Structure formats: structure tokens, C-alpha cells
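Undergrad: I have a structure I would like to understand better, so I am pasting it below and will then ask my questions one at a time.
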Amino acid sequence: MTDLAARFRQLWDKIAPVGRDAGSGGYLRYALTDAELRLRQWFREQADRRGMPVTADGNGNLFAWWGDPGAGDAVLTGSHFDSVPHGGAYDGPLGIVSAFLAVDELRAAGVAPVRSVAVAAFVEEEGARFGVPCLGSRLLTGEIAVDRAAGLRDAAGVSFADALGDRPAGADPGLTGRFTAFVELHVEQGRALVETDAPVAVASAIWPHGRWRFDFHGEGNHAGTTRMADRRDPMLTYAFTVLAANKEARLRGAHATVGRVAVEPNATNAIPSKVTGWLDARAAEPDTLRGLVEAVHAKAAERARRDGTGLTLTEESATPLVAFDGGLGGRLAALLDAPVLPTGAGHDAGVLAAHLPTAMLFVRNPTGVSHSPAESATDADCAAGVSALARVLEELACR
Ligand code: GLV
Ligand code: MN
Ligand code: MN
């Protein structure tokens, strides 16, 4: 094991137990809950150890600064701590741990920043607690209204404002305007690098994607006594819609997933009165995505008519196509001699890309699996990611 891989493992082991579920081996690190708050505390300690002052933007996002926090032309890196339910260890935290280690590498090499470097920990990137992904970066950039964000509620009814302890501060153009670039390092969420010699890639684009909530209303009734012909069962409309989403996505070369469902009253011997399913849909082109969601909606509505159920559709979040800054991405790909890949996954980098030159580095994932405990990366590849990020920060902030 190289020194850097050993240093990576040492730091990684400090956070590895935080929020890990003993049963699944996955992580329950929801935004602003105990596990994530412990990681935020760890972030402050790591920054402190390195003499990096930490600032907060009032939206739940933290920034640790190597250099003057007030100076312009700063370079931003970092990622998020929060996870999906039973998510992998790397999605998010790898970008933050790697950023601290990249700063260590540059310092050890005697490299000093000409421009400040900020390491960010963005809040609620997954949207697993409050429903809207990249909530922190959307707030910071003004991509979501403060009132809407403040009022988002988790499953227990706690609002984002209450979890944050305050009304979110909203857009801070003074802060975003101080950054000349954002580079987010992230674990790869597919198998594109597995068969290659490259441990690190540069992102070209993020597919447009979003979340749509389908509420199917019916009539709750007794499972044993209600004649089949008399039922208004929203579970049927829901089930048909899931199959329709899969078919419509396949027809278009797009992705559609219903990974979350809520049933009322959720009893084995009762016909449900209401079923809610969340559709996550993604496609390479915005028109394809729009066509997909419209087709699924049309099929669901037609089926609801036949089932005697009601349907309401709500768009909970939408992220447009992100084409990362070609100049910056090309420069980094040349610097690192790295392949360039698109992704279907969403990231804070995708939100910030509309506001400043942004790029992403992906670290090889031998399983290709993500949003699951099976997500992985070798220590050697993580060390390669740190080295790559250090070279990028040297290029962008130290010359
Ligand atoms: C975030 O990881 C997303 O792509 O949903
Ligand atoms: Mn994720
Ligand atoms: Mn992520």
C-alpha cells in the first residue's frame, strides 16, 4: 500500500462507522440527523486541525477555507455527507475526505495557494429526508425559493427550517461570485471505468432528471367483503403505472424508477384508500425526458379512469441537462490524461454549473453499484483520486 493510500484509509476509517446500519451494512446519514451532524462535527475538527477556518452560508452548507475566506477568485471543491436509505459509504463523503487529503498533499509538497481553496460540505444532496435533492446548493444559488425549502417536511413532519434551526438564508451571490471554479470529486456510479486502466475520469454531462409524485386516490374498504367489481383500488392504478414507466423508459432509451411507495392505511386486509409512488425519471435529452413523463402520466390517467380512482401528479424537483464547462473539463482531462464520461446521477456540481465553471472527477467503482451498500472503491483508486484532485487544485489555485 502506498503512503497516500494508507493515509486515505486512516482518515476514512474515522468516519466509516458513523451512521452505518449493522444489518444492511449501508448508511443512514440523513441530512441534519445525528449521523450527519457527527460528520459535520468531524468536518469542523478536520478543518481546525489544518488551520482552515469554517464558514456557514445559513442554508446548511459548510465551507472550510485554505486561504482567506473573504478573498475573490477562490476555488471550490468538496461534496456531501448525507446518504440515501442504506446507501454506500463513498457517495458524497469521498469528495470531502479527498479534498482534505488533497490540501495535505499540496502542503506537504510545499505548494501554497495563490487563490483560496474552499472545501464544501453541502446539505441534503440526496433529498432522502426532505424530498428535494441538492437542496443546499439550490438554496445557495437561488434555484429554489426559500419559503418552499423552509417548508419541506420529512416523514415525521419536521420542516427543513426546524431541522436547520432557522429559516434558510437563500441565495448568496456574494459567496458564489467569489468562486472561479467548482470541482467535485465523486465515486463513479456505473461500470464505465471497470475495464479500463483509468482510476479517475472527468465528467462531461449530467442527464436531465427529476422526481414526480403520483398520488392515487381510491376507496378504502374490507378485503374480504368487497366484491371485486365494486372496488376502487388505487394499488391497481399504481401497479399499472410502475409497469408503464418501465416500458416507456425502455422504448426511449431513458431511465424510470419507482423506488419509493407509501400506502394508506397499509393493512394486509384492507383495500388501500391512497397509494403514493415517486417516479425518478432521467434521459439524455430534455425532450425525451418530457415525453417520457407525459406518456407515463397519460397511461396512468387512462388506467385511473378504468379503475375508478383519482390521480394527481406533482413535480417535486427538476434538474435540466448539465453540460459541464467544456473548457475546464477538457483542461482537466488533458492534465490528468483521464477519460471523459457522462452520468445519469445528480450532483451539487450540476446545480452550481449554471453559476460558475464546474467540473467533476469520478473515481473507479469496481462493483459499478451505487445507492446501495455494495458501492465500493479500492484504497489505491481513492489515493489516485486524491492525487488527481491535488493536481487540479494546484493547477486552478496555486499558479
Ligand atoms: C443523486 O445521487 C441522484 O442522482 O439522485
Ligand atoms: Mn447519490
Ligand atoms: Mn453524491
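We number each residue from 1, going along the chain as drawn.
Every residue gets a Cβ built from N, Cα and C, even glycine.
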Undergrad: According to TrEMBL, Glu126, His371 bind Zn(2+) 2; so which of Asp91, Asp162, Asp166, Asp337 is the extra one listed there?
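TA: Looking through Asp91, Asp162, Asp166, Asp337, the residue TrEMBL assigns to the Zn(2+) 2 site is Asp91.
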Undergrad: Which of the binding-site residues Arg211, Arg282, His371 have a Cβ less than 6 Å from any atom of ligand 3?
TA: none
Undergrad: Can you list which of the binding-site residues His80, Asp91, His186, Arg211, Asn269, Arg282 have their Cβ under 6 Å from some atom of ligand 2?
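TA: Asp91, in sequence order.
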Undergrad: Can you list the residues of the same chain, besides His80, Asp91, His186, whose Cβ falls within 8 Å of the Zn(2+) 1 site's Cβ centroid?
TA: Ser79, Tyr90, Gly92, Pro93, Leu94, Gly95, Glu125, Glu184, Val187, His347
Undergrad: In this structure, which of the binding-site residues Asp91, Glu126 has the fewest other Cβ atoms within 10 Å of its Cβ?
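TA: So among Asp91, Glu126, the binding-site residues given, the one with the fewest Cβ atoms within 10 Å is Glu126.
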Undergrad: Which whole-number value in Å describes the distance between the Cα atoms of Asp91 (Zn(2+) 1 binding site) and His371 (Zn(2+) 2 binding site)?
TA: 8
Undergrad: At the Cα level, what's the spacing in Å between Glu126 (Zn(2+) 2 binding site) and His186 (Zn(2+) 1 binding site), rounded?
TA: 13
